[in-house]
Amino acid sequence: MPSYTVTVATGSQWFAGTDDYIYLSLLGSAGCSEKHLLDKPFYNDFERGAVDSYDVTVDEELGEIQLVKIEKRKYWLHDDWYLKYITLKTPHGDYIEFPCYRWLTGDGEVVLRDGRAKLARDDQIHILKQHRRKELETRQKQYRWMEWNPGFPLSIDAKCHKDLPRDIQFDSEKGVDFVLNYSKAMENLFINRFMHMFQSSWNDFADFEKIFVKISNTISERVMNHWQEDLMFGYQFLNGCNPVLIRRCTELPEKLPVTTEMVECSLERQLSLEQEVQQGNIFIVDFELLDGIDANKTDPCTLQFLATPICLLYKNLANKIVPIAIQLSQIPGDENPIFLPSDAKYDWLLAKIWVRSSDFHVHQTITHLLRTHLVSEVFGIAMYRQLPAVHPIFKLLVAHVRFTIAINTKAREQLICECGLFDKANATGGGGHVQMVQRAMKDLTYTSLLFLGMYPEEHFIEKPVKEAMARFRKNLEAIVSVIAERNKKKQLPYYYLSPDRIPNSVAI
Ligand SMILES: [Fe+2]
């Protein structure tokens with residue numbers, strides 16, 4: 001009688017193991033096996049992280065194995081199980097891998113195909129076509145669209161994290177409590193006793209120094225010593241978390257009536273401002289998006305304000321970016337002067353602080369929330385609804401969108417909802433952040449959708465694909481060493497584009 005060896009790998013995350021009964025059936029081109037209980041006597045099967053092997057003898061020849069069916073049945077209380085993969089050694093000595101990487105909950109079952117990537121047109125056999133269709137039908141029932149707010153990208157239809165399909169929930173929900181993390185961050189910053197500073201105005205620039213009382217490293221020290229300087233402002237703009245707003249200025253906009261005379265002392269090439277523009281040395285950041293957005297009014301004791309600055313940046317002879325002119329709102333006029341480095345020290349400093357403040361709001365709400373989180377969720381839901389696990393694009397994408405929907409659901413629960421953290425902490429809270437997303441959605445494009453990183457799951461089993469992945473990883477390693485080498489010479493090393501420092505972002 002034909003005999004198979006079945007190897008079953010259980011996930012290593014918390015609670016991945018199970019004490020439930022696990023049954024296996026094999027569906028081949030020539031027939032189907034009986035249901036086999038996978039159980040080794042005097043052995044605790046399917047423990048967290050375990051890789052267990054079982055001999056399964058079948059009554060007749062099954063032909064080529066098309067599907068492996070796994071069923072979980074209650075032993076005592078339902079015990080969820082995370083199955084990583086199954087490997088089958090056939091009577092001919094061939095090995096076939098069946099990637100799963102899914103939870104089985106309740107009286108759950110899963111039918112797996114081997115890990116070769118297949119398009120719909122590759123499936124000629126009826127049971128494979130049917131398997132593909134059924135998988136999508138099930139997923140479309142689980143992963144439904146919802147419009148959280150009018151004009152927002154569509155999101156998952158779930159009120160809270162625990163309503164999500166188990167496969168896209170966090171392994172440990174605790175680590176992602178924004179409210180908890182916020183308090184913890186405050187504690188870590190040792191600023192509980194300075195909390196009142198966030199509720200009211202700062203009295204002195206010296207207050208700012210107290211924030212860093214517990215954080216001391218070369219970077220914080222350097223920032224502390226130089227944050228008021230134009231060079232540091234330009235450096236932080238270019239190397240900070242939101243350089244995407246900086247545009248090369250090809251023509252000075254009418255709404256910013258700045259002249260050569262005004263910026264003369266900043267220009268280093270003995271050229272007029274127009275000539276500097278033509279040579280590509282002038283850059284512009286326009287926070288027009290914030291124009292007309294309501295400032296946070298949720299706390300009547302704390303008045304909040306928003307500016308809509310336009311900031312002109314200059315690439316100087318040392319190839320550094322420095323600010324040379326700032327107008328704090330969009331319509332020029334006597335009430336809206338253009339601030340310059342030649343102005344009184346604190347006027348110029350305050351203008352720069354308003355630019356940083358506006359940059360924070362646009363970064364958090366548009367660059368970060370909308371263009372990374374919310375947009376990725378759209379791709380995630382579409383992937384689950386439209387692509388079966390055997391589809392090559394599913395195999396490529398699934399690792400990239402892992403936890404994307406979960407973190408967004410958490411954000412809608414605690415961060416951007418009414419009375420959420422945005423309302424408490426941001427000047428755009430209380431609805432301004434919603435208006436910003438709605439406005440930005442009108443000219444959203446397919447840019448900024450690049451992901452990088454590493455995941456251990458291997459959904460592909462073909463040799464050429466594995467080789468391509470190995471090559472790509474090697475390329476990433478090369479980038480890591482180039483960055484490491486470059487950093488050796490830097491007084492302020494920066495790693496944020498280094499692939500090894502980008503967690504949860506690259507699968508292959
Ligand atoms: Fe994020």
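Note that Cβ sites are derived from N, Cα and C of the backbone, with glycine treated the same way.
Copied over from TrEMBL, here are the features:
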BINDING   GLY17, ASP79, ASP80  Ca(2+) 1 binding site
BINDING   ASP39  Ca(2+) 2 binding site
BINDING   HIS368, HIS373  Fe cation binding site
DOMAIN    2-118  domain 'PLAT'
DOMAIN    118-508  domain 'Lipoxygenase'
SITE      TRP103  site 'Essential for stabilizing binding to COTL1'
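Known features from TrEMBL, placed on the structure.
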residue : record                                            : DSSP class
GLY17   : Ca(2+) 1 binding site                             : coil
ASP39   : Ca(2+) 2 binding site                             : coil
ASP79   : Ca(2+) 1 binding site                             : coil
TRP103  : site 'Essential for stabilizing binding to COTL1' : strand
HIS368  : Fe cation binding site                            : helix
HIS373  : Fe cation binding site                            : helix
Local Cβ density at ASP39 (Ca(2+) 2 binding site) - other Cβ atoms counted within 10 Å: 13
Distance [Cα-Cα, Å, rounded] between TRP103 (site 'Essential for stabilizing binding to COTL1') and GLY17 (Ca(2+) 1 binding site): 10
8 Å Cβ shell about GLY17, ASP79, ASP80 centroid, Ca(2+) 1 site members excluded: PHE15, ALA16, THR18, ASP19, ASP20, PHE46, TRP81, TYR82
Among HIS368, HIS373, the one of these binding-site residues whose Cβ has the fewest neighbouring Cβ atoms within 10 Å: HIS368
Using Cα positions only, nearest of the binding-site residues to ASP80 (Ca(2+) 1 binding site) (ASP39, HIS368, HIS373): ASP39
Mean predicted confidence [pLDDT] for the domain 'Lipoxygenase' (118-508): 87
Nearest-integer angstrom distance between the alpha carbons (Cα) of HIS368 (Fe cation binding site) and the residue listed as 'Ca(2+) 2 binding site': 48
Number of other Cβ atoms within 10 Å of the Cβ of GLY17 (Ca(2+) 1 binding site) across all protein chains: 21
Whole-number Å value for how far GLY17 (Ca(2+) 1 binding site) lies from HIS373 (Fe cation binding site) (Cα to Cα): 31
Integer Cα-Cα distance in angstrom, the residue listed as 'Ca(2+) 2 binding site' to GLY17 (Ca(2+) 1 binding site): 14
Recorded positions compared (ASP79, ASP80, TRP103) - highest count of Cβ atoms within 10 Å: TRP103
